[in-house]
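Here is what TrEMBL says about this protein:
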type    : residues                       : note
BINDING : 34, 35, 36, 37, 38, 39, 40, 41 : ATP binding site
DOMAIN  : 13-297                         : domain 'UvrD-like helicase ATP-binding'
DOMAIN  : 298-559                        : domain 'UvrD-like helicase C-terminal'
């Protein structure tokens, strides 16, 4: 290997000792446990630059990330560190690299290089088509819907479980339909193979199948990529872990970076145990921990360390920073959600007055619905905001229509797209579409040549125009942008007819798509990127020059940071979510999600628990404080009151207690479970349940359990 001049290694001086060790460990398997804000990206980028500086040809390096954008930015940064071009480093997501390799090796499984990638919506539509054709929709009223069937199939693939295991553990209500579901999923797999289609899961499973069963491919891949690096390894699934195992088998030069404490995508099939099993896949693994944090103040890190210390399965680490000063995180018990919203709005305005931009503040929540009350309060006060977690562009009906035409151009055997496009055309219903599809299937191999005869059999004007388009465009020679413009010329009148109510708004999406295609050289490449990296659109289209407060789910906030962070709705059933309360593994993931939320804050952190919440049919009801808050020692937070005076719980007598053992609620709630009370008629009793500010259930010594409305009865607390 030809080593570059040492003057180009100046960037190594900017690394701490743990980062430097990770960067200079070149050979053999390496697991880097990178705590939140510990410079993970800097470490990966520096290692790529170091490898190239040591004489490793860039094309021998493979970087796997969870977005193509992330890999592209890291590779560019590596080039800047060395002041040379590193673009020959191969970077991308597991799915994008799998599709790239399958274009070369897919023939081993019977796929041509121009196979079509279908998204989740297409998968569901295809399953529904087969469900109907097999007569399962009509005969079985309780037969699972297309979305559920797609979920079952995806979980089988990603979790490597049998259909029987999955139904028993997750969908017991559908066990009676085992054989019908099995038959349908077999049909689904066969249809995709026959029509050269792959869904997202197929990309991974087919690439893994080739790696497992063809040793010569493993050898070729091992020679091509001699150094493999994987980012966010804690979020990989079982399939992805196996892919890394086989791709790195030849040389073992595999570096994976991740943080077990930030594994929050179990609902997507991520396997939390992958990061713990890596040393088993690669027995001589070296483990390096990055614990120095460059983002948050020490009081915020102390809180984060306490939260994650409660995890049962973990790589023990202790985040620290050189920034020892800083405010303690603030814990605010709001009277209700309206009080929570008012508090946030007031604090946001107060901080803005101090010079903190709105865009440097974020409100985080477990579920998108938890911010509705806050959104109304912000609108009332004229505080502009953006809510993260918009719609995917590909989920919009008009975009799916448009792309279906493009997909037919690339893969004429994509009959799923044919069916969608035909049903858009005037005069063509399901039966006519079926006849046309049969006619197309019976044509010769030169499909587009045979298409020219079809308008004589089916004389619908829009159908004739479609055939003229397909036979007049050469998707392999024409520039993608030219293809899209020609498709738009055909689709525009159809589009105006179908979406007349909001035609102009939707038109902007098509124009954005055409603009995006300008940078591509082939239509196939454009469609592949579009499927693997869907563009997001948002409900709001804010002026980019306007400062906006950020509202976001915690999942959407991962990897981001702000000067000030508010975490809201910290009550049982919300954070942690109601679905996790009976499942230990899911509850552990909720704890990690809370840890992720806390570690987004640089300077200020606010934790907000409403003491009451509105429940439909019951009105205002007493909320249960989140167990994550109840577990906190009071010395890690500052209890906030409207008068800025510490409430009970911050004095010396409360030292050693947890938040849940201290009462902050006297102003709002008169009685608590376990209180001894006296009633003028029923005598002495013990409070069994507090249902709201007005309703309690008391177990009286003489009368037994009794529900009381405090509006209409007198109840005194007995002081022991």
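Including glycine, each Cβ sits where the backbone N, Cα and C put it.
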Just counting, how many other CB atoms are there within 10 A of the CB of residue 41 (ATP binding site)? 17
Excluding 34, 35, 36, 37, 38, 39, 40, 41, please set out which residues of the same chain place their CB within 8 Å of the center of the CB atoms of the ATP site, keeping sequence order. 43, 259, 290, 293, 294
Translate the DSSP assignment of residue 40 (ATP binding site) into the three-state scheme. helix
Tell me, by DSSP, whether residue 34 (ATP binding site) is helix, strand or coil? strand
Within its own chain, what residues at least 6 apart in sequence put their Cβ under 8 Å from the Cβ of residue 37 (ATP binding site), listed in sequence order? 293, 294, 295, 296, 319, 561, 599
Using all protein chains in view, find how many other C-beta atoms are within 10 Å of the C-beta of residue 34 (ATP binding site). 27
